[in-house]
Each structure stands twice: as structure tokens, then as C-alpha cells.
Amino acid sequence: MAEDDLESLPGVGPATADKLVESGYDSYQSIAVASPGELSNKADIGSSTASDIINAARDAADVGGFETGSMVLERRQQIGKLSWQIDEVDELLGGGLETQSITEVYGEFGAGKSQITHQLAVNVQLPPEQGGLGGGCIFIDSEDTFRPERIDDMVRGLEDEALEATLDDREMEGSIDDEETIKALVDDFLDKIHVAKAFNSNHQILLAEKAKELAGEHEDTEWPVRLLCVDSLTAHFRAEYVGRGELAERQQKLNKHLHDLMRIGDLFNTGILVTNQVSSNPDSYFGDPTQPIGGNILGHTSTFRIYLRKSKGDKRIVRLVDAPNLADGEAIMRVQDAGLKPE
């Protein structure tokens, strides 16, 4: 959105428009979904002025009013579904990972949560006819789990048809049987994954803001950001805020972080995939004592909640625990050297 457009909002002159753009609010829509306190702090303007600007931006962007159910249905046609390339899992999830939503995957260590983030960082780059979204990926890494070598394995592990279609889509010459061609393709996949390591919870929150800027820069390019992975969402919050005395502050910061991520999904039609750690409830005498970290804040904010469990060997059980429009259920997949594969 051009700066002159922002100046048409009440109370926005050239100086204020500059502050808004510098703070990442360069469109009506990005201003419309901001809170008055957030806009006031980042753009250094009064809270009353910020409220007026936000209300005017909502009118200009047609955001925040009531819609009919049919209008919502029409808008939902724009939502993308990212295939896991595993029919059983895709069927469980109603077609795959949904954009404009937060999908949480939780499970014990070694269950394969990071493997899912790597695989979907590859799959999102596939052409739509192959189940991808033809877009790039942002990867916020809080546990030092991102491995380029794993991306290499998973690209090579794609079906021949998907590899051929990807070469054509990127207008790359060569054969999938040629090692130099595959190396070049792997490099091209890696170039479209933007990785940042989060050193603590404050840095992780800052990286979400940077991710919004990066997604905005790529919005009108050939490779828009269609997937944002956070692996893991809760590790730093869990380590830094210990005990009941700090629980309220932890949950407040986690809540803000989740809403920042959701905003990216809404603004840029991006799928948000977060992994979560678990704890064991010693008071549970019946059923599975494994519980996800994050409490009700994360439970309410996640649109889709997946519990990943180990089974025999390389088998993993993908259990859909919560979804607004899908029944609970399970699917089985395998975690192999070539990536995630059907049973």
C-alpha cells in the first residue's frame, strides 16, 4: 500500500505515515488488525489517535463488520490446503494443513514433530497440482532443530512425478536421474526456506514480528510465504517462566505471541504450524497422562490440535484431538530417511 493512501486516514500526516511504514504498518489491513496499544507504542502516537486510525483503516479495508454465512463460505474458498503427501493423514485433516489457521503438533521427544516441520517446509513448495501451495516457508527455530541435510533427504525422497512437476514449475533443465540437477533443486528448495534461531522468548516474539515483515516483502512475488513453522513454540517460555508465581506473565506473553502468528496467517494466507512439548500428569490414573504445555491459552488459540505418538519402529500415530469442523480420529505414518511416508 502506498504511503499516500495512509495519509488519507484521519490524523495521519506525512510524518505519522512514515512512522507507520517504518513500524511495518504499510497497508490498511495491517493497521486494521492492530490493537490501539500496539500501534501507539510502535508508531509513537497517542492511544486516542491510534484508535481513530484503526477504526478508519477498518472501514477502508472492510474489516471487522458482520458477514453472512454465505460470505464467510465464499471467503473460505481462498484458504489453501497443504498436503502431507500421505493420503490417510490428509483425509484425517480434511485435505491437509490449512492456511489462515494455527495447527499445533504435540508429543514426547523423538515422536517426529520436527520431522513434520521439515517435511511440510518441502511440501509447501510443490506446485498446487502436486498438493503444495507454490510458496516459501519461514522457520523459527527455538531448539536448534533445523537441518538442511534433512531437507536434502526429503527432496530426494519425493515421488518422481512430484520431482518432474517441480522441475517444470521452476523452469529448471535436466533430469531427475541426474545428480547435478537434483543438487541444484535441493539448493533451490533451501533458498525458499527462511530460518531464524530464537535465543529466548523475547527474541522469539521479535522474530514473529520480523516474519510478518518478511511475509509482506514476498506477498506479491512469485514465491509468497505460505507456511510459518515454529519449532518449538513453548520451549523458551517453559524454561524462563518457572513456578506458579510466573505462570500469569508466561501465559500473557504466550497469548500475544500466538495472536501475532495468527495475524500473519490471516494477512498473508499462510499456514501456521507450531510444535509443542508435553508433560506427564502423575495424578492421572486412567488414560494417557501426557498433556501439552501451554494450558488453555494454547488450547483455545490452536485451530487444529494433533497429538503425535510413537508406535513400533518407524511408525507414528497422528491423532486429531481438536478441530472446528472435523471429527477426532487417527492416521498412521512412517518417519523414514526419505521423509514422512504412508504406512
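Here the Cβ of each residue, glycine as well, is placed from N, Cα and C on the backbone.
Lifted from Swiss-Prot, the feature list:
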- G107, E108, F109, G110, A111, G112, K113, S114: ATP binding site (BINDING)
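Within 8 Å of the centroid of the Cβ atoms of G107, E108, F109, G110, A111, G112, K113, S114, where the record puts ATP, the same chain has further Cβ atoms from L308, K310. Here the Cβ of A111 (ATP binding site) has 22 other Cβ atoms within 10 Å, regardless of which shown protein chain they belong to.
Of the listed binding-site residues, namely G110, G112, the sparsest Cβ surroundings within 10 Å are found at G110. Within 10 Å of its Cβ, the residue among the binding-site residues G107, E108, F109, K113, S114 with the fewest other Cβ atoms is F109. In the three-state DSSP assignment, the secondary structure recorded for K113 (ATP binding site) is helix. Secondary structure from DSSP puts E108 (ATP binding site) in coil.
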